[in-house]
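One structure below.
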Amino acid sequence: MKVLESLAPLLIACLGILGCTQAVTLEVKEGNSTCIKAELSALLFITYTTFNSTSNVSTSLPDSTSVDAASSSCGAAGRPPWLVAVFGSGHALGLSFATNGSFYSVTNLTLQYNLSDTSLFPQSNGSGVVTVVSSSVGIWAPINTTYRCASPTTIRAGGAAVTFSAMRLEAYMPGNDLSPAESVCTADQTTTTAPPTTTTTAAPAPTPPGTPETGVFSVTNSSGTVCLLAKMGLQLNVSYVSQSQNKTVQELVNVNPNLTVTSGSCGGTTASLVLTQQTTTLNFTFSMHCFPVSPFSASNTSLDYLRSMLGRSYMCNTEQTLLVVPAFSLNTFRLQVQPFGLTASQFAAAEECQLDQDQMLIPIIVGAALAGLVLIILIAYLIGRKRSHAGYQTI
């Protein structure tokens, strides 16, 4: 796509969904005994510098992730327990633990990523391994219990963020299996509802979820200023093969903004918005130029949606469907977004989508047609009246 000098279009360069991301099982052993065990899914979001500006990459822990036995430890010889998982070309994710005798906790999260991996970091102007550390993790549980958290938990470290989901974890284990007693995270306690009562009547057919609730999502830069602002209702349209029904099933799922974790980043020519709800993650990448983005599950790097001039917001109140791949599309409602040129955390003047303009044209066309009809009737009436007067003669 060619970018005109007088027009800097905004476009979604990548729109993806990660549903039911790959879970991995990791164990740290000492001899035949297991001291740390984790079952989890993790989505990594990393901002890095390119030759021209900054870019972003999202990737999940692959099923080939393994424990680095040389770096991991059960805590002998005065060393704290460490779980170090390695994956890809020189990347690693580590968790260190501590205990006071009654509780254990994750004290640090360490992420190492190799900028020399061009498949993950295209056009990077750096090389070698970058290490970022976060000491604000917030994962803890009583000794001899399993920490469980199905809800997404995002931990930020430097220019990266790690979002865990479907997590079951235990350190200082008394046996080789996770303890049956569980300590449930706060997010699961506030979002989990009681299961429905089982009855002998047949379950009713699923009903459409209706129009999704409108949410306001924002991303701030390092100085705390809002650099990306979006207001919209989102609905996932997913097609999959049901093994029980032996047919392709289409499902509509509304995104609940009250249960969504927002993250992202802003750069000079690129900006990203990451929305995470449970085990589903939506990643929007906006750019002023079209460039290749490292693809991931159910993604499309050649989309050209939500265009407007630089310094203006894009608005579309009418429902529109953004097709990502044949099996997945995203329905948007009451959408307004601006990833560049925000002032005082407010939207700039909006450019309306063609669908909204068409909606406005309909009453204009109908009104013009009615006015034309009235004019035709009036002309016919005047002609008929003139002819009726012409039929009489003066005596």
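Every residue gets a Cβ built from N, Cα and C, even glycine.
Just so you know, TrEMBL annotations are computer predictions that nobody has curated.
These numbers come from a predicted model, not from an experiment.
Across the domain 'Lysosome-associated membrane glycoprotein 2-like luminal' (25-156), DSSP classifies residues as 0 helix, 79 strand, 53 coil. Here TrEMBL flags 25-156 (among others) as domain 'Lysosome-associated membrane glycoprotein 2-like luminal'.
Annotated region 'Disordered' per TrEMBL: 180-210, in sequence order.
According to TrEMBL, the feature compositional bias 'Low complexity' maps to 186-204.
The domain 'Lysosome-associated membrane glycoprotein 2-like luminal' annotation in TrEMBL covers 212-289 (among others).
Residues or ranges marked as domain 'Lysosome-associated membrane glycoprotein 2-like luminal' in TrEMBL: 294-342 (among others).
With a threshold of 8 Å between CB atoms, no same-chain residue lying at least 6 positions outside the transmembrane segment (360-383) comes near it. As annotated by TrEMBL, transmembrane segment applies to 360-383.
Per TrEMBL, the feature domain 'Lysosome-associated membrane glycoprotein 2-like transmembrane' maps to 362-393.
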